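A.B. asks: Can you read through this structure? Questions will come right after.
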Amino acid sequence: MAKDPVHVLVTGAAGQIGYALVPMIARGVMLGADQPVILHMLDIPLAAEALNGVKMELISNNQNILLRPGVVATTDVVEACLGVNIAVMVGGFPRKEGMERKDVMSKNVSIYKSQASALESHAAANCKVLVVANPANTNALILKEFAPSIPEKNISCLTRLDHNRALGQVSERLSVQVSDVKNVIIWGNHSSTQYPDVTHATVKTSVGKKAVKELVADDAWLNGEFISTVQQRGAAIIKARKFSSALSAASSACDHIRDWVVGTPEGTWVSMGVYSDGSYDVPAGLIYSFPVTCKNGEWSIVQGLSIDEFSRSKLDKTAEELSEEKALAYSCLV
Ligand code: NAD
Ligand code: LMR
């Protein structure tokens, strides 16, 4: 029997990430090739013509078997949010070369406050929300605060891109398949204070699972260049492309939602920005990236991992930045 369609909202659908993301969703990369999807694409009136162009392209693409019965392309936030089961919030003002993420804060938090209300009033009851637009953790927090009836477990932000970047760095360094590297962690903010942590990461080898730390055997690299490369990757891409990452961001958004909905493989965790419950002494009340496993459509923070002194200071530093961002966001909304 055919599955009921899932309604997936993509805001900022006429933008760069949107343009990469909607065909991935349409081809089943996010929810599987047997899951019909109705795409709801939202953008602002200034981008209405471009949005319509994206819709035309989707309809012309004969690989879009998933798109029946439809694509909604609109600049009306209420129409866009109506009955959505999954909301991927990409719309916003992107960081340009030379801008700090905080510079885009005031432009974006007011968007997230008003879109929170639209989702709260019009989305399906158990809608899962992924915020991609920067500052992603703080936009997600504002969305959570202004949509109090959406369960806090349903609101998340994207740090899977950073997670995938960390896997990529280890795979390059060790010349192994990226799919054989598991259980890196991104702690904290999707920003340059994030802490990419390989303390518990492993690589599948012909003689079993080995610790990344043992195989790399170079603490100077792991505690230095590895961390800074992952932290600065977004800025490096902006410098190179003059635009922020789009293809990898779209692909990571699909990874995030797929694992959340379908579940993470046994023994594997991923990184998601989620509402802190105080685990690992991270202040409650922040959206903070943790290692999580997912089962039956719910994430759980992986508990009991050892945190050494080096890691502790990094976890605290990125939490401090998030607390500052939260205060700044509220000051922008006043
Ligand atoms: P973009 O400028 O190409 O696209 C953004 C789109 O959002 C535009 O089409 C714009 O018209 C639309 N938009 C603006 N305000 C809107 C609103 N109120 N409602 C709906 N749509 C609106 O930017 P992009 O490259 O697609 O990046 C989008 C966001 O994602 C940026 O904030 C960027 O910094 C962020 N980003 C996050 C990650 C991550 O890993 N979390 C990675 C890359 C980029
Ligand atoms: C990225 O990590 O690629 C982006 O978040 C960079 C940015 O600031 O847009």
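Start at 1 and count along the chain as shown; that gives each residue its number.
Each residue, glycine too, has its Cβ placed from N, Cα and C.
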A.B. asks: Which residue of N61, N108, N154, N164 does TrEMBL report at the same NAD(+) site as G12, A13, A14, G15, Q16, I17, G18, D43, V132, A133, N134?
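C.D. replies: It is N108, as the record lists it for that site.
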A.B. asks: Between the Cα atoms of R165 (substrate binding site) and G18 (NAD(+) binding site), what distance do you get, rounded to the nearest Å?
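C.D. replies: Per the Cα atoms, R165 (substrate binding site) and G18 (NAD(+) binding site) stand 20 Å apart.
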A.B. asks: Pop the Cα-Cα gap between N108 (NAD(+) binding site) and N134 (substrate binding site) into the table, whole Å please.
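C.D. replies: Cα-Cα, rounded: 7 Å.
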A.B. asks: So which of the binding-site residues A14, Q16, N134 sit close to ligand 2, that is, with a CB under 6 Å from an atom of it?
C.D. replies: N134
A.B. asks: Between the Cα atoms of G12 (NAD(+) binding site) and H190 (active site, proton acceptor), find the distance and write it as a whole number of Å.
C.D. replies: 19
A.B. asks: Compute the average pLDDT of the predicted model within the domain 'Lactate/malate dehydrogenase N-terminal' (7-155).
C.D. replies: 91
A.B. asks: Rounded to an integer, what is the Cα-Cα distance in Å between N108 (NAD(+) binding site) and H190 (active site, proton acceptor)?
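C.D. replies: Taking the Cα atoms only, N108 (NAD(+) binding site) lies 15 Å from H190 (active site, proton acceptor).
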